């Protein structure tokens, strides 16, 4: 309805919406002092001359003497309404949005507008999930190469990462993190599609960053006067970068060139009142306008690129309650609202014609982008063609110019295009964060390097030769390292200690720049150790401890004097601190005598000079000192009125006359010079430290990259020795080396071997130990679990003597792990299932299989299963036994005889029973005997080489049960040279959680026993053995052929969908399973797989229904998650989409005669032709053949063809 209002002889015409454009009628919304003619689309000023106005045309507005006309830019055509411009591209516009824990997609061409009712039903949602394993993604953008090559980038503020994935067949594949370091809280992201860079804002670090698509080179482009950046967008056609800032005192939108230059403010919010939460911004590239949402005032606003011509687009409280994301495309503005869980769109000029695009009650819509080639014009001139001649980063500055930038910790050289390493930098800890400062060129920029989020950095050190930083986290209790100049860095866990409940912690660490070895100190309540670890392979060696040197009390501030070849540390366990030293191989431990030391026992920081002659230290007062190592004298530094504040950290720089200290009260880093009398003579530099907390900042390290002729990254002296584990320096010089082995190994001809005559176990502190089987005076050797496995708690263990691999179940996660002792690597093989709890593991060294027992629960009963698994190929896995009403307590394998021994605990009688079977599960026998083993919780069983099961009885005495003769022996009469009474005594005293006596002690020698060890016994998949001469083959995914060696497909089988998988089962057991017992035969028939699982992760989102096209040998899948019908070939090698955007499809059926697919979706039954065998003809449109009422929800479907 149109109304006129007369006031001061000025006429204002208003329209209620632009819906009437659809009717090919144009109305104008004029400004004051303007008049619009009744013919529509003609506006004039007081001189009766027509003029263009905001919203007069979809794109281009042309003025003549009597009226205006609309036209379109290149690549568009004008619709019949003479207003709307449409792209000539056939690509469908796709809306993608971040929904906290997933990324979703909508095809806007296929979208059915959702009714604007008070309560919108969830089933009306038209979006599909692209990715669902994100943690908290709030913003995203994309790069459009062509319809088949679209890369999506998104930020994850929970994982603190920027990630990318390729859009393929409606799914995100090739997902990977590209930025994981130097990032804290990324809240906005934008893609430069011309140069192929990504820009993002970090609201915690208050900086704007840029990187290439691979995360190879990262740099900061804006940091000054950035307070709380949120939204970000770029227009490469003009070289413009826009961002919003939530600054409480000055909320605003700013613009700069894409290299950070020529910065201006284009919008300022009224900080006093109702707006200022500018969450997201979007650019209208045609109109050269910026749109944004304000979540405080609940408005959508727009200006041109210069901040002029402000327009309020929308603020209807019903449809905009807390907006977050915003995007502009064609005639609409889109926004997401996290109070209504909805995405809306409206006319982009006046907010009319509101439509609900999507609704997700379980996911907040946040960042929004629309994928279409018109949003990324590739015809723009690229000033950075051939990377603009820049060595690292090229950024657009204007339409015709570029700027070369350097990654963090690199600087531009005199050429203006090439980058070089900054020679002198520092790393500094602030709470959870580690920052870098360039001391040579730009001290104003704080480069973010590392954030541990929920834990503090205990200590860190820098290998400036190999460009690696190592640190200790307070909660993770491990040593990690990262290359700080490497492109796309990722951290590596070098070594770690057990869970913090054991009170074991790191104290300090340092690195030998010559060999790259890391030295560290650990402490428990009563034990302190000094250790060395090779960061390349993780092998760890105890050098000495306080059991050997009783004078070690409270060591800290470990120093490596790499030029002189010794370790040094302060010991603050005395009234006045002491200093000790040792050779780098752990020898010659002695005290460094300090003259007239009455300085107390608090040390906040310490550093050694480059020539290793002086130590400088601070004690968190306004005083600092220098220790002369040649005579042990202490000299107080005379600051000469340059400093009277508390110094928390101090460190030498390039010489003993130059040092850096941190003034905690004034939050300043100060570089000073002093003379030979330790009197400060000058202040060279002062760096203001950004800090919102009072952290001690007592952890500061120097990165000095000036050329060093003494050392280099390659240690040629170690290369000559070719040590297998650790190459260490000796004799306090730069050239002498020797080979060391990690804990538990012995060295022979520079190679390392496990100590002979030892057994492997887990002590009552949950540590893996080697126990001497002959010498009772030997202390157990602790072997630290490597990498991410360091804080696991092994319970059930089994050691494969042939491959020296320890298998164990972790008590914390109940997952199965494999620890290769010679490679020092730990791998998780199986994760715990919520329906099955793994209890025991046993390794067969002959065929390499491991056997696992699990307890399963269902509604009616509790039972145990035993399955085998090939650790080299974990899909070769099969259940061989099921025992009802019993919990399997332990498993053993008598590998010489090919017997599986099972110890169960009867749930009803609460009594132990012993069973045996062949290794394939056949010949299951319950063994009767007079054994009376003590019931849990405290009992330990083990198998001897004499086929006996040994355990404690009710009298806490050992008894042995021979599973072959069924005889029981008591009173330790079974003890022999292998199993001595000393170890039995320790077992009874609960020194061990588990110990593997299932075989002879470690000998580092293996003699073949069975034909299964040669070419897998001729078997295609699994080889079972018995005694020394018998073998039999088995298949996991099929059945044996007539020769009982190879595997062949079942003639008939069951296929079923399972999420993103297609799985299989045989219809009935074949002759292969007749060798099993009756119970095992029945179970095997339902548990064996008929074929290998097909995981079509690149084509299936969430399969509901499944049917088969036998003629073309393919499975037809009803993909509910992706709203489509897909097909996968029988071998899983090929897949394609048959029909897409058909809604949440559930049931599916196939007519093989007419070759039609029928399926259900919401309240419809649809049909799609499957006649063509040329997969390039798909996807095709579906046809609705039946539509029921709105409340109907169709599920299953079947046809009689």
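Numbering starts at 1 and runs along the chain as it is shown here.
The backbone N, Cα and C atoms fix where each Cβ goes, and this holds for glycine too.
Just so you know, TrEMBL annotations are computer predictions that nobody has curated.
Here TrEMBL flags 51-86 (among others) as domain 'EGF-like'. In the domain 'EGF-like' (51-86), the DSSP tally of helix, strand and coil residues is 0 helix, 13 strand, 23 coil.
Summarising the annotation, TrEMBL assigns domain 'EGF-like' to 383-420 (among others). Summarising model confidence by region, the domain 'EGF-like' (383-420) averages a pLDDT of 93.
The domain 'EGF-like' feature in TrEMBL is assigned to 717-753 (among others). Below 8 angstroms of C-beta separation, residues 512, 514-515, 517, 532, 534, 537, 539-542, 563-566, 583-585, 710-711, 770, 781-784, 821, 824, 1004 of the same chain, each at least six residues beyond the ends of the domain 'EGF-like' (717-753), sit close to that stretch.
Per TrEMBL, domain 'EGF-like' is recorded for 1011-1048 (among others). Beyond its flanks by at least six residues, the domain 'EGF-like' (1011-1048) meets 846-847, 849, 868, 870, 875-878, 896-899, 918-920, 1064, 1066, 1070, 1072, 1088-1092 of its own chain at Cβ-Cβ distances under 8 Å.
Marked as repeat 'LDL-receptor class B' by TrEMBL: 196-238 (among others).
Taken from TrEMBL, the feature repeat 'LDL-receptor class B' covers 239-287 (among others).
Per TrEMBL, repeat 'LDL-receptor class B' is recorded for 288-332 (among others).
Summarising the annotation, TrEMBL assigns signal peptide to 1-30.
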Secondary structure composition of the repeat 'LDL-receptor class B' (239-287) [DSSP: H/G/I, E/B, coil]: 0 helix, 24 strand, 25 coil
By a Cβ-Cβ criterion of under 8 Å, what residues six or more beyond either terminus of the repeat 'LDL-receptor class B' (196-238) are in contact with it? 139, 141, 143, 151, 153, 155, 162, 164, 177-180, 182-190, 244-250, 256, 258-260, 263, 278-283, 285, 288, 290, 292, 305, 377, 380, 392-393, 395-396, 398-399, 405-408, 444-448, 487-488
